[in-house]
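Contents: one structure, followed by commentary.
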Amino acid sequence: MSKPKKKPVAQRPSSGVKPTKAASPPRDAMQPVSTPKPMIWLWVALLAAWVFIAYLRALDNQFVDWDDPTYVTENPYLQPANQENLHALLRSVVSLNYHPLTMATLWWNAANSGIESARAYIWFNIIFHIFNTGLVFFFAFLLSKRNVLIALVTALGFGLHPMHVESVAWVSERKDVLYVFFFLLSALAYWKHLEKGKLGLWWALALLAFLLSCLSKAMAVSLVPVLFLLDYWQGRKMLSLGSLLEKIPFIALAVLFGLIALDVQDGGSFYGMFGMVEKNDALADFDVFSPFQRLKFAGYGFMMYIVKLFLPFNLSAFYPYPSLDAVKQGTEGSIYLFGLIFTIAAGAWSLWNARKHKIYLFGFGFYFFTIALVLQVISVGAVVMADRYTYLPYVGLFFMLGYGLDALIRKMPASKYAVWGAILGLNLFFMLRTREQVDIWQNHDTLWTNVIKLYPNAGEPRKIRGHYYGKTGRIDLAIADFEAALQNNFQNVSIYEGLGNAYGTQGQIDKAVEMFNQALKLDSTNVSVRYNRSIAQLSKNPQAAIEDLTFVIKNSLLEKAANYGARGYAYLLTGNYAAAKQDYDKAISLDAQDSYHFFNRGQAKQLSGDNAGAIVDYEAALKLKPGMAEAVEKLKGLGR
């Protein structure tokens, strides 16, 4: 017969103090949540559908005349998109950026769909934005220990926020959707590596994805501090020897691509390694800003990105700095100083509260490190902030928001349905605003008309729209925009060049040359202005045109048939037929599909007595352009 079990006797603490209730685990140490896999994929599918609906109308959008010509429509390496041009493109700097993987995807679009329509390019961007939204979901899902609410809030905010339209609907921002895709893959692989606890396949995949992200956009270097944040979030010592050693390859890649970015942004070729598609100016004149003013602008951007996360109104492709006069006098406004104070306070608040809750330091840290490089402290572009800069950083803020809403439900279970209703309502609002913003990116006209509506006194938007009007033949509107920019004290080479082109189109040659001269007073080495002045002067002063075109040929980054053709024609007008023939030989070697190169070389030969050679060239021109009246007339005159 078994003995009865004795009841355990409660042991009283030796100190005589009553035992206290066990403390609940810290809020950041969430318990894993069990969610069936089919439900997870259902949420991902619904996310994808919602994002696609938000961006559907973007498929009818056009290229805009702002970086898209450099990246696609006027990129010589996409015309034609063959293997030889691809190899050259992979070694080229485009718009002062080295991002060969991004350019390879644009080349692929051009090879398969041409460069006449933006539809295929925008399709690609939307698909990768949907992929990124799914990756954000899994990133937040894993970091929150499989909490669906936190993952959905983070992914919905990322996928539907109207501030992200610029990164998706603008073809030239292909680099954003691509670098973030590999950035998130790298972060996810690194998190899996942390879960495994040893170097292995996941670490190697994280490093590979990081390399691909850097090849898509140099901003990817911000992954390095994010890796330390992931260590912190996982509970690992960030500065332990093992943590530091495994990050050495990541740091080395970040340093390499950072040095490349600094060099090419300054117009370099990184020790001659890269060519350049087109050299343009990315940076504004930085000397007018004091170090303290730069900090204020950075603080303002940091604050306004957070404001626009909750209040995404008056979104613009262009947010101008205060006027130079106000900056020089130090009267640019207290809002910039307040932004700096806000930034310092936010950083101090997150550090102070990190003692109790990791989420503050992690969320704000993710936001800060992924946006710090574009806060305009070191270098200044034409804008004080840009919507596209929030594409990745908002992940940190939305993760914080999802975390807070989940904490509210746990603390007040009765608020569950109200919270879910608020999430649904907020994202429905985001989706509607995104659809509106997509329509603003419909074409160049709608884009810049919106900017000018918001900032009527800014000169840069007037300049950009004026050039668009000039290209599309609306000369009077172009002149009106250029003159409005000048009236707002916006002295700019491109403004005077645009006026010169507009007056030249109207046949007002003297006024055109005067405008080109004004532009060259600001920049005497500007190749584009010298070329356009030469064209304006061809008929009245061909010798001056020859001087300009010789400068253009000597200083152009790429040899262009049009430059030799124009100078050849100027030589024809001055009677220097031998020089004309030599230039047309060169032009034909660069572009054998232009009928006028053959026709004008034929004229040079005929005028120098080589009638047989002239006949061959006139007939070649006719083959390229059947029925060419000028060639037919010349051949008749030669008895053919």
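Here the Cβ of each residue, glycine as well, is placed from N, Cα and C on the backbone.
What TrEMBL records for 1-32 is region 'Disordered'.
Per TrEMBL, the feature transmembrane segment maps to 40-58 (among others).
Annotation source TrEMBL lists transmembrane segment at 120-141 (among others).
As annotated by TrEMBL, transmembrane segment applies to 148-165 (among others).
Sequence-distant contacts of the transmembrane segment (177-194) (same chain, at least 6 residues past either end, Cβ-Cβ under 8 Å): 99, 101-102, 105, 125, 128-129, 131-132, 135-136, 138-139, 142-143, 167-168, 200, 202-203, 205-207, 209-210, 212-214, 216-217, 219-220, 223, 226-227, 230-231, 234, 236, 391-392. Residues or ranges marked as transmembrane segment in TrEMBL: 177-194 (among others).
Per TrEMBL, transmembrane segment is recorded for 201-228 (among others).
Listed as Cβ neighbours of the transmembrane segment (248-264) (distance under 8 Å, sequence separation of 6 or more from its ends, same chain) are residues 93, 96-98, 207, 210-211, 214, 218, 220-221, 223-224, 227, 270, 274. Taken from TrEMBL, the feature transmembrane segment covers 248-264 (among others).
Residues of the same chain lying 6 or more positions beyond the ends of the transmembrane segment (302-321) and with a Cβ under 8 Å from any Cβ of it are 66, 157, 161-163, 165-166, 284, 327, 338-339, 342-343, 346, 368, 371, 375, 380, 382-387, 389-390, 393-394, 397-398, 430, 433, 437, 440-441, 447-448, 450-451, 454-455, 458, 460-461. Positions annotated as transmembrane segment by TrEMBL: 302-321 (among others).
According to TrEMBL, the feature transmembrane segment maps to 333-352 (among others). Beyond the ends of the transmembrane segment (333-352), by six or more residues, the same chain brings 293, 295-304, 306, 322, 326, 360-361, 363-365, 368 to within a C-beta distance below 8 angstroms of the stretch.
Annotation comment: TrEMBL describes 359-385 (among others) as transmembrane segment. Among residues of the same chain six or more beyond the transmembrane segment (359-385), those with a C-beta under 8 A of the stretch's C-beta atoms are 27-28, 219, 221-222, 225-226, 229, 232-233, 265, 282-284, 286, 289, 294-295, 297-298, 300-302, 304-305, 318-321, 346-347, 349-351, 353, 392-397, 399-400, 403, 460.
Under the heading transmembrane segment, TrEMBL lists 391-409 (among others).
Computed over the repeat 'TPR' (493-526), the whole-number mean pLDDT of the model equals 96. The repeat 'TPR' feature in TrEMBL is assigned to 493-526 (among others).
If you look up TrEMBL, you'll see 561-594 (among others) marked as repeat 'TPR'. Remote same-chain residues near the repeat 'TPR' (561-594) are listed as 531, 534-535, 538-539, 542-543, 545-546, 549-550, 552-553, 600-601, 603-605, 607-608, 624 (criterion: CB distance under 8 Å, separation of at least six residues from the stretch ends).
Scored by C-beta pairs under 8 angstroms, the transmembrane segment (148-165) has its highest count with 391-409, from the stretches 40-58, 120-141, 201-228, 391-409. Long-range contacts of the transmembrane segment (120-141) within its own chain (CB-CB distance under 8 A, at least 6 residues past either end) are made by residues 40, 43-44, 47-48, 51-52, 55, 58-59, 61, 63, 72, 105-106, 109, 112-113, 147-148, 150-155, 158-159, 164, 167-169, 171, 173-174, 177-178, 180-181, 184-185, 187-188, 191, 395, 398-399, 402. Remote same-chain partners of the transmembrane segment (391-409), defined as residues 6 or more beyond its termini with a Cβ less than 8 Å from a stretch Cβ, comprise 27, 136, 139-140, 143-144, 147, 149-154, 156-158, 161, 163-164, 167, 176-177, 180, 183, 219, 222, 305-306, 309, 359-360, 362-368, 370-371, 415-416, 419, 422-423.
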